[in-house]
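Report on the following structure.
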Amino acid sequence: MTERVVLAYSGGLDTSVAIGWIAEETGAEVIAVAVDVGQGGEDLDVIRKRALACGAVEAEVADARDEFAEEYCLPAIKANALYMDRYPLVSALSRPTIVKHLVAAARKHGAGTVAHGCTGKGNDQVRFEAGISALGPDLKCIAPVRDYAMTRDRAIAFCEEKNLPIATTRKSPYSIDQNVFGRAVETGFLEDIWNAPIEDIYEYTADPAVPREADEVVISFKEGVPVAVDGRPVTVLQAIQQLNERAGAQGVGRIDMVEDRLVGIKSREVYEAPGAIALITAHQELENVTVERELARYKRQVEQRWGEMVYDGLWFSPLKRALDGFINEANQHVTGDIRMTLHAGRAVVTGRKSEESLYDFNLATYDSGDTFDQSKAQGFIEIFGLSAKIAARRDLA
């Protein structure tokens, strides 16, 4: 029986060429799998037909937008996930979604190998292959760009030689990856970290410097899940989409950073994530109102580790699953409304309301009605600072 390879297919030049390239290099039949995580662009059926025209023996497309939002983006919102305190894991979250569909297709079609289009220099090769090995330990992985030196020039030459039905124009100088949770731009002139980004690289966000009227929005959460925008019920996907549009129109969610890649190098990345940043900002503030202090302090440590694990491609690891359980428990009381003003590139919280609130006005106020017993403060301070006081007596003697 002829071996089969499942290919993560985007519909672009590189993965279209990879179909024939893999067949020639390995003698295997190729099954192309395209997964829609809200990246936009061409119709899925057009992509499916192109894969078949390029030589795939089977081609599958999956509309995974709701799955991606609910099973991958939502946990990131609950975790307030910002890698290096800034990056909302736009690309890292989509990879396990795609991996899940690739492994399912491999089982369905009896394939023993899964292929992806990543280079040998980035994080995504690790995310794909670590995920595939976790869900299908028996499956092999190949990466034509990395393993067979399939450069873009060679891909174009192959495409023209085989007369494949895809444009062979030189691509943009940038490497772009996008989904409903955000957009990542790298390479080109951005590799010089002194160069400022130009406005042309942005698509999800308007120029925040352009004067415009501010937009006020109320986001409602139930146990950490966004359930309504301005009082109208939404799914998680709809919440992200609506905030992408509204926050993006105000220039919210632009990030320009040098980040530590898993492979050991530093890389300059420009991100747009208007919906993600607005939702995480709102969720984080609602946690400030509803989560007990010690739990909140410890959760911040968990959030950092959770984000690092997802960035590093360990979505399916035992520790990640255990941290999910902690984060879900910590979100049990994160229910209420957050009012935000979206304007000039910022999402600013201006109001909070929750039946689960731990904010006690009578304890917090300095005006009449204050119920905080200040007479207990002195004794508390004496006990609280006693250890340091004893040490100081020794050290200053």
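Cβ atoms here come from the backbone N, Cα and C positions, even for glycine.
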* Given Swiss-Prot annotates Asn123, Arg127, Ser175, Glu259, Tyr271 as L-citrulline-binding, which of Tyr87, Tyr204, Tyr298 belongs to that site as well? -> Tyr87
* What Cα-Cα separation, expressed in whole Å, is found between Asn123 (L-citrulline binding site) and Ala8 (ATP binding site)? -> 16
* List of residues, in chain order, with Cβ under 8 A from that of Thr119 (L-aspartate binding site) and at least 6 apart -> Gln125, Ala143, Val145, Arg146
* For the recorded ATP site, enumerate neighbouring residues of the same chain (Cβ within 8 Å of the Cβ centroid of Ala8, Tyr9, Ser10, Gly11, Gly12, Leu13, Asp14, Thr15, Ser16, Gly117, site residues themselves excluded), in sequence order. => Val17, Ala18
* Structure fact -> For Glu259 (L-citrulline binding site) and Asp124 (L-aspartate binding site), the CA-to-CA distance in whole Å is 14
* Compare the Cα of Ala8 (ATP binding site) against each of the binding-site residues Tyr87, Ser175, Tyr271 and report the nearest. => Ser175
